[in-house]
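Input: a single structure, listed below in C-alpha cells.
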Amino acid sequence: MERIYLDHAATSPVHPEVFAAMKPFYDEVFGNPSSIHHFGREARRGIDEAREYIAKAIGASFEEIVFTSGGTESDNLAIMGYAFAHQNKGKHLITTEVEHHGVLHTFEFLEKQGFKVTYLKVDETGKISLDELNKALTSETILVSCMFGNNEVGSIQPIKEIGVLLRDHPAVFHTDAVQAFGMESINIKELGVDFLAMSAHKINGPKGIGFLYVKKGITINPLLHGGEQERKRRAGTENVAAVVGLQKAVEIALSERQQRRKTYITYRNILLDTFRREELHFTLNGDPHHYLPHILNVSFPGINVESILTNLDLDGVAVSSGSACTAGSIDPSHVLTAMYKDVSRSQSAIRFSFGYGLSREQVEEAAIRTVKVIKRISR
Amino acid sequence: MTTLKDPAGTRVVVGMSGGVDSSVAAYLLKQQGYQVIGIFMKNWDDTDENGVCTATEDYNDVIRVCNQLGIPYYAVNFEKEYWDKVFSYFLEEYRSGRTPNPDVMCNKEIKFNAFLEHALSLGADYVATGHYARVRHMEDGVELLRGVDDNKDQTYFLNALNSKQLEKVLFPIGEIEKPRVREIAKEAELATATKKDSTGICFIGERNFKEFLSQYLPAQPGDMKTLDGEIKGRHDGLMYYTLGQRQGLGIGGAGEPWFVLDKDLEDNTLIVGQGYHHPALYSKGLIASNVNWISKEITDSFHCTAKFRYRQKDQGVTVIPLGDNMVRVEFDNPDRAITPGQSVVFYDGEICLGGGVIDEVLKD
C-alpha cells in the first residue's frame with residue numbers, strides 16, 4: 001500500500017535542492033560565524049547572503065531579518081519582545097481567536113504578566129472585522145497581532161487593510177505568516193506590518209529555522225541572552241546550514257508560487273468533486289472564495305474525527321484534524337469553535353493539505369480511500 | 001462461529017493504558033503474530049492548574065512501548081461517554097447512599113462497548129486489554145474464566161459483560177501470573193517494565209477521595225448514633241462512609257473500636273457500633289438487581305460460589321432467580337459488611353457466570 005501524505009501544513013519534506021545547499025555547511029563550511037578566522041568568515045558569508053536574499057525577497061532590508069528557530073520563536077520574540085520593551089507606553093494588546101498556539105498561548109502568558117488582551121472574534125469565513133478591531137483599539141494599545149493565513153482552515157485575513165487602519169495608531173502590527181508564506185505574495189512595503197513571522201519547514205526547508213522580520217527602528221527585548229548574534233536580538237551560535245537551507249527553500253517557494261497555487265487548487269477540486277460525486281455528507285470549512293490553496297478543511301458531520309483519522313492512517317492516507325491534541329486525543333479545534341456554533345461541525349473536521357512531491361494520481365487515490373473510509377464508518 | 005481466528009492477518013486493537021499489564025498484552029499478541037494496533041483511551045480530563053495531566057504521561061508511555069513493538073498507536077477520547085455512562089451513575093449511587101463500583105460500569109459501557117465499537121470501526125477482529133481474566137472461545141459460544149493468577153483475577157469487574165462482547169475479546173495476560181508479566185516486560189525491555197501499578201478509582205487516582213467527592217456532591221453532616229439511639233458524634237456526610245469502615249469515625253473511649261453499621265438516609269444518620277464482628281454487620285443473604293448471565297440465562301435456583309467484593313475468597317451461596325433480572329442470594333455462612341451498590345459475582349469453579357448489583361441486604 002502506497003502511503004499518501006496530505007499533511008504538508010503540519011510539516012513538509014525537505015526539497016532535494018535545499019538539502020544539497022545545506023550539506024557543505026555541515027562538513028566543509030563548519031566555522032562559527034562569530035570567529036575572526038577564515039572558517040568563521042566563510043560561515044558568516046553563508047548567513048549574510050541568506051539574510052540579504054530573504055530581505056530582498058520580501059521587500060525588507062538586511063538588518064530587518066532576525067533568524068530564529070522557527071514560527072513559534074518568531075511569534076514569541078515579536079509579541080513578548082515588544083510587549084516587555086514597551087509596557088511603559090500601555091499594557092493593552094489585541095489579537096484574534098483563531099491564531100496559532102504559538103501566538104495565542106504567548107498572549108495568555110502575557111495576561112498573567114499583567115497585560116490586557118482583546119481576542120477579536122471571527123465570522124463564519126474565519127475573518128476578523130476591521131470595525132471590531134477599530135473599536136478595540138485604545139490609547140493603551142501597543143501591539144496588534146493577526147495571522148496572515150489560517151493554518152487550519154486557510155482563511156486569509158485583511159492584512160493590508162489592518163496595516164492601513166493602524167497607520168494612525170501608535171500600536172505596532174505583527175503577523176504570523178507561517179502558513180501563508182510561499183502561497184500569498186508577501187511584500188513588506190505593501191503590507192504595513194512591523195513584524196512578520198515565518199518558518200522554513202512548512203515550505204520544504206529544514207525544521208528548527210525561521211525568521212522574524214522586525215521593522216527598522218523598532219526595539220524589542222531578546223528572549224535569549226548571550227552573545228551578540230542577530231544584533232543582540234537572538235543570542236546563540238547561528239544554525240548556519242539551516243539558514244542556508246531556509247534561503248534555498250524561500251527561493252524555490254517564490255519561483256514556483258504561481259504554479260503551485262494552480263496545482264493545489266486542482267488538488268482541492270479533485271477531493272471536493274470526488275466527495276460530491278460520491279454524495280458524501282460534508283461541509284466546507286473556511287472562506288469558500290479567498291483561501292490558502294494548499295489547505296482544504298472539510299467536516300463530515302456525525303462522524304467522529306478520531307475514527308476518520310485513525311482509519312485513514314491505517315489505509316495509508318495521512319491527514320490531520322488541524323488542531324492540537326491532549327494525550328493524543330483530539331480536542332475540538334479552537335479555530336472551528338470560534339467560527340461555528342455547530343459543535344458536530346468542529347468535531348468532525350479534517351484538514352487535507354498539499355505540498356511539494358504530491359502527485360495528481362496520489363490525490364485521486366487519497367480521495368477514493370477517503371470516500372471508502374467515510375462510507376464504511378458512517379454506516 | 002466463535003473459535004479463534006488464526007493470528008496471521010488478524011487485526012487486534014489493544015486498549016493500552018500506559019501500564020505494564022496492557023504493554024505486555026500488546027507484546028504477547030505481537031509475538032503471536034497478530035496485526036496489533038495500540039489505542040489509548042482518554043476518559044477523564046484531570047488537567048491540573050499547572051496544565052499537568054497524568055493522561056499525557058500515560059500516553060507518552062504508550063507511545064514508547066508501541067514504538068518498541070513497532071506497532072501503530074492512536075488515541076481516542078471517551079470523556080463524554082464516560083461522564084454520561086459511568087460518572088453520572090457513580091454520583092447517582094453515592095447520592096442514594098450506596099457504594100458504587102465504577103470499574104464494572106466502565107468495562108460494560110466504555111472499554112467493551114464504546115471502545116469495542118471504535119475498534120471494530122477500524123477493522124479490528126478482536127480487542128484486547130491487560131485484564132487478568134480469560135475468555136474460552138468455543139464452537140457454541142464463550143465463557144469468561146478467572147485469570148490464572150488468583151491473586152489478581154479481575155473477573156469481578158467484568159461480570160456485566162455479555163457473550164456478544166466477549167466473543168470479540170482477547171485477554172493475553174489472563175494465562176499468566178503477575179510476577180511473570182513483570183518478568184516478560186523486563187526481558188523485552190519494555191519502557192513500562194518497572195512502572196508502578198495504578199491504584200484506586202481511575203478518575204480519582206491518588207487524590208483524597210473525600211475532597212474529590214465533595215466537589216460534585218453537597219455533603220450533609222449529621223449525627224452518628226448507636227443502634228440504641230445514643231449520639232456518639234457528628235459525621236461529615238453519609239456518602240463518605242462505607243459499611244464496616246473503622247477509620248475516620250473519631251469516636252474514642254473505652255472498649256472495642258467503632259465501626260459503621262448502617263446508614264439511615266431519611267434521618268441522615270450514621271449508625272455505629274463497637275467491634276469488628278458486631279452482629280449488625282452480618283447478613284444471611286442479599287437481593288441483587290441488573291443481573292447479567294454471561295454465557296447462558298439461568299432461571300432455576302442453584303448452588304455456586306460468589307464474591308461480594310473484589311479479592312474476597314469465594315463464598316458458598318444459593319442463587320434464587322426472582323425474574324426481572326433480579327436474584328435472591330442466600331449465604332451458606334453469614335457474611336460481614338455486604339454493601340449495596342457493589343457487585344455480587346457468581347462462579348462455577350473457574351467459570352465466571354455473571355453477576356448483579358447488590359440492592360438489599362438480608363439480615364434475618
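For all residues, glycine too, the Cβ spot is worked out from N, Cα and C.
Curation plays no part in TrEMBL annotations; they are all automatic predictions.
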ATP site partner of B:G15, B:M16, B:S17, B:G18, B:G19, B:V20, B:D21, B:S22, B:M41 (as recorded in TrEMBL), chosen from B:G97, B:G123, B:G130:
B:G130
When the domain 'tRNA-specific 2-thiouridylase MnmA-like C-terminal' (B:283-358) is classified with DSSP, how many of its residues are helical, how many are strand and how many are coil?
0 helix, 51 strand, 25 coil
Spatially speaking, which of the recorded positions B:G15, B:S17, B:C202, B:Q342 is closest to B:C106 (active site, nucleophile)? Use C-alpha to C-alpha, please.
B:C202
May I ask which residues of the same chain, at least 6 positions away in sequence, place their Cβ under 8 angstroms from the Cβ of B:G19 (ATP binding site)?
B:D58, B:D61, B:G130, B:T192, B:K195, B:D197, B:S198
Taking the Cα atoms as reference points, how far is B:D21 (ATP binding site) from B:H131 (site 'Interaction with tRNA') in Å?
7
For the domain 'tRNA-specific 2-thiouridylase MnmA-like C-terminal' (B:283-358), mean pLDDT (0 to 100):
96
In the domain 'tRNA-specific 2-thiouridylase MnmA-like central' (B:210-274), how many residues does DSSP put in helix, strand and coil?
8 helix, 22 strand, 35 coil
Counting other Cβ atoms within 10 Å of each Cβ, which of the recorded positions B:M41, B:C106, B:C202 scores lowest?
B:C202
